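Per Swiss-Prot, the features are:
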type     : residues                   : note
ACT_SITE : Ser25                      : active site, schiff-base intermediate with substrate
MOD_RES  : Ser25                      : pyruvic acid (Ser)
BINDING  : Thr57, Gly73, Ser74, Ala75 : substrate binding site
ACT_SITE : Tyr58                      : active site, proton donor
Amino acid sequence: MQRHMLKSKIHRAAVTHCELHYEGSCAIDEDLLEAANLVENERIDIWNINNGERFSTYAIKGERGSGMISLNGSAARRAQLGDLVIIAAFAMVDEAELQAGWKPKLVFIDEGNKIKGHRDHVPTQNWT
């Protein structure tokens, strides 16, 4: 059996550009792509923390070190500059890979879209 698992996540990225008339996609700083194990043309889901919008597109490379998160084409209508988004990708993982310790790449960034930390799991949520 295979399971559809979280593979990559960039958490709380600030939208830096919205380019309505650019070919559709999401340009992501190449440093963030690599840290999250995302590749160019990979399908990504984007969840807008500010307005609740959830949509899919594909990743393209943004200038390395720029902090760029550019929503392009129709995706530009789903956010405003400065909105915080979560960018995620999923993968089909078989039971053997899971048993061998397969883990996602979770990237946490600061206000300037620079990497401030990594994790390989989401902590248990508590009621405290």
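Placement of Cβ uses the backbone N, Cα and C atoms for every residue, glycine included.
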* **Residues flanking the substrate site, with Cβ no more than 8 Å from the Cβ centroid of Thr57, Gly73, Ser74, Ala75 and excluding those residues themselves** => Gly24, Ser25, Cys26, Phe55, Leu71, Asn72, Ala76, Arg77, Arg78
* Structure fact -> CA pair Ser74 (substrate binding site) / Ser25 (active site, schiff-base intermediate with substrate), Å rounded to integer, equals 9
* To do: Compute the C-alpha separation of Ser25 (active site, schiff-base intermediate with substrate) from Tyr58 (active site, proton donor), stating it in Å without decimals.
  => 5
* Asked: Quick one: what's DSSP say for the residue listed as 'active site, schiff-base intermediate with substrate', helix, strand or coil?
  -> strand
* Would you kindly give the Cα-Cα distance separating Ala75 (substrate binding site) and the residue listed as 'active site, proton donor', rounded to the nearest Å? => 10
* Residues that sit under 8 angstroms from Ala75 (substrate binding site) by C-beta distance, when 6+ apart in the chain -> Gly24, Ser25, Cys26, Ile46, Phe55, Thr57
